[in-house]
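Only one structure is covered here, and it is reproduced in the block below.
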Amino acid sequence: MKTLIALLVTLFIASAEIHQFQIGYRPNLRQLLQAQGKLAEYEKERNEVLSKKGVQLAQSSSPIIDYEDMAYMVPISLGTPPQNFVLFIDSGSSNLWVPDVTCAGGKDATCGSYCKSTPYDACLTFCQEECCTKSVKVSAKADACQSKHRFNSSLSSSYVSDGQKFDMTYNTGEVKGFFGVDTFCFTNTSVCVNGQQFGQATTIGEAFGKQPEDGIIGLGWPALAVNQQTPPMFNLLNQGKLDLPYFVVYLAEIGPTSQINGGAFTVGGLDTTNCDANVDWVPLTSRTFWQFKLSGVSSGSYTQTPSSGWQAAADTAASFIGAPKSVVTSLAKVIGATYVPLTGAFFIDCDAVTPDIVFTINGKTYNMPSSSFVVSAGPGPCMFAFYELSAGGFYPSWMLGPPFMRAFCHVHDMQNGRLGLANIK
């Protein structure tokens, strides 16, 4: 984990109040399991768990997202002196949380199941060093907190107790704990927030142990947050720390193997290194998610343009693109992808020649090439980076995840309520 933090902060540019640093990447859990030939077994177990807690999920007021689908991360620190963490970036939620020292009883010498099953070299990148020895023995029921960095408030001179409790529900399990207040920074930078409220998780679901990252930093709007927590990006804006009210996500194309460089995260201005200067601004339809109207989608002979369009959200957390079932099925047919029920995923020949998928947004068309939506998952066929999204009520019909973000830079305007799309250089 120490190696990962160092690599993520290697790229750092500061000009006035514009800062840029590297986004980390590794294949999401489903891609890793597919490469190991374990996806079908995992999907069966997962569906059994979800069916048992379906009522709980339906009644939850928390945003329900899939932690296991996340793949992009940034290093942050909390406290004085700083305690370092690696967190998934999630523009589909708005809370910041990390495991508390009381999670897993404060034991530091034990390791989660992910570290146990990961090759030694990869383990050194993602897990605590003591977890990466061949002699490590871990129970299959090991506490999910045990492989993660945990925040210790007694070691921070700037920590203030909050007292509020929180309970957030994910498809992979619950996260419970309490809120605290302390200094937040992006690791080894001057991009810092004073008095940032954040969640200190005392309990996290067992499935969280399958991912080595410590927690989540939400990039959504404050209205989406549990307990009205103000997200760090909006606190940076409120505290006058930004030159412009923007943060920009640039995601690099991913290769056939795991890699650490996932792109760049720019705070306080535009990304002039990776993104074109011309930005198409799209008005938001809701200041919860980064949500807007998607007017149509097409590919090859298939076109769908409903009269009222769809509501769509840009989402760094959903590694694939979520869309209505009928649309996904039709696109897969045109592209030549096949659904494999045992895995819950679509597959396609990695060398297949496919048409672009074209989105119509705010009167303009945006072409997404196959290099963005045909994703390697180890030996064998590639994965078609779409999944069926059953949205209802509060949630948008589409989650335009990283496949679309790899085709266009996303500029998030926190002051004017708009999303900018720019070509990648």
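Numbering starts at 1 and runs along the chain as displayed.
Cβ coordinates come from backbone N, Cα and C, glycine included.
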According to TrEMBL, the disulfide-paired cysteine of Cys145 among Cys103, Cys111, Cys185: Cys103
Cysteine paired with Cys382, where TrEMBL records a disulfide bond, from Cys275, Cys350: Cys350
Sparsest-packed of the listed active-site residues (Asp90, Asp315) - C-beta count within 10 angstroms: Asp90
Nearest-integer angstrom distance between the alpha carbons (Cα) of Cys350 (disulfide bond) and Asp315 (active site): 25
Whole-number Å value for how far Asp315 (active site) lies from Cys382 (disulfide bond) (Cα to Cα): 22
Cβ neighbour count (within 10 Å, all chains shown) around Cys350 (disulfide bond): 15
